[in-house]
């Protein structure tokens, strides 16, 4: 242990013996709590990199910007690495590393120091770290153990206001990580003194039913902490785009904290209040940052009827920055597997189309109108647009797969499908909008499934999504006993957009098990779908349903 960090530990321990120096900002009876999410530029990983990250964590916890917060969430994988793993206390034991191990003889320095920092600041602190645990501590797990006798996990750790470890969650869906998964997936929650129970999950977990969606369905959790080191992917899965869409679809509070290295595809943090949208968010497009973003978060009542809207953070009022391939590294989705059509935007004119695009029996109807903005100036560049439909597995190498049914308008850097899912290379004013969309509407009839989630999926050239005030979303069953849902997603009539990258519906069917219309009649009956029901009759006509939905909507608005 270096002298510098020995003295830091001593100072924090002394301060830790005097908890409560920061005033509690929220009470159990309050309508709001105050949360902070940290966008954090990680140190280049080495055996000693954790010390620089730790200093950055402590500085943020003690900063003036964080003073009013009840809870602070730090990102995934920005503290330590496989070369500096630590044991983590079992939350059932209510261990306070700051008091029980002040000299860091069992737990690593950073765990003890952050326990003391939480105690000194009197805040709930959520961190993510690389954890080690002896294989013998989990006798029910009979899988082969590493030669050193240790499992290594990607783990969230929660300290309460006293510095006690009150919660621990280990990532279920690893993203190409050389780490262990738990023997069985964990559904983990923790209670707070301000009357909110949080669930938590990590990064790639957001695309799967367990544990994120399962905590909502089975336990009614309305608030989540979400550390991430997300690698953004065009056109459907950039960080803030995904965070906001998930929170909106589930109507929950999401505290999302992201690693911040845009040059390798990492950035994206925000606080989201369900159907009300974003309270604060950021997508960096430079070298990254170490900063906390704070918002008052309205609490959900048990009836989920609270509709108070918190004031947006002043950090939301910022100059729009147009993304380019040089400002942010983007992964690319396999859009060549979509059934797609180039949207022909004739220069110097306005236009409109009503088009249905199907892949197999899954169809999306697009009702679009635009106004031309003229030709690009010399050296200028602009995006082309495609309409696309996809019904199949989302496959990436060496990671868990999920089944999706997507409908979207998305940009391309050229006219070929191979140009889609890419940012333009030009920056600033050299990127020019070719059209303004004056009408955008997508109509789809989706089959129900045992587990599925549909959400609005949008992206602007600032790499931030549209807000709920800018669009209309409806999702309903045509009859009570049907097994399909009619979805309409449209730009509000008062809105016109010229900086759009993506406008679509993301249909996440997870493992696609027990999806209506998929499998044999015996399998459908086993899943609870009754033969000869109105749902089955509706399925037979679902190719025409999107056209009917949009025709009715157009008639009502005219």
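Quick reminder: no glycine exception, Cβ is built from N, Cα and C everywhere.
Not measured: the values here are computed from a predicted model.
As annotated by Swiss-Prot, signal peptide applies to 1-22. Feature annotation from Swiss-Prot assigns domain 'CN hydrolase' to 33-299; the stated evidence is sequence analysis. What Swiss-Prot lists as N-linked glycosylation site is 65, 103, 120, 128, 180, 354, 379. If you look up Swiss-Prot, you'll see 76 marked as active site, proton acceptor, on the strength of sequence analysis. Here Swiss-Prot flags 171 as active site, proton donor, drawing on sequence analysis. Annotated active site, nucleophile per Swiss-Prot: 203, in sequence order. Sequence annotations record features per position, and here Swiss-Prot assigns GPI-anchor amidated serine to 531 based on sequence analysis.
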When distances run from the Cα of residue 76 (active site, proton acceptor) to each of the recorded positions 120, 128, 531, the nearest one: 128
Residue 103 (N-linked glycosylation site) in three-state DSSP notation: coil
Closest of 103, 128, 171, 203, 354 to residue 120 (N-linked glycosylation site), Cα positions, recorded positions only: 103
Helix, strand or coil at residue 354 (N-linked glycosylation site) [DSSP, three-state]: strand
Spatially closest candidate among 65, 171, 180, 531, the listed recorded positions, to residue 354 (N-linked glycosylation site) (Cα to Cα): 531
For the residue listed as 'active site, nucleophile': DSSP state (helix, strand, coil): helix
Integer mean pLDDT for the domain 'CN hydrolase' (33-299): 96
Candidates 103, 171, 203, 531, namely the recorded positions, that fall within 10 Å of residue 180 (N-linked glycosylation site) by Cα distance: 171
Candidate with the highest Cβ count within 10 Å, taken from the glycosylation sites 65, 103, 120, 128, 354: 128
Residue with minimal Cβ packing [other Cβ atoms within 10 Å] among the recorded positions 180, 531: 531
Between residue 203 (active site, nucleophile) and residue 171 (active site, proton donor): CA-CA distance (Å): 8
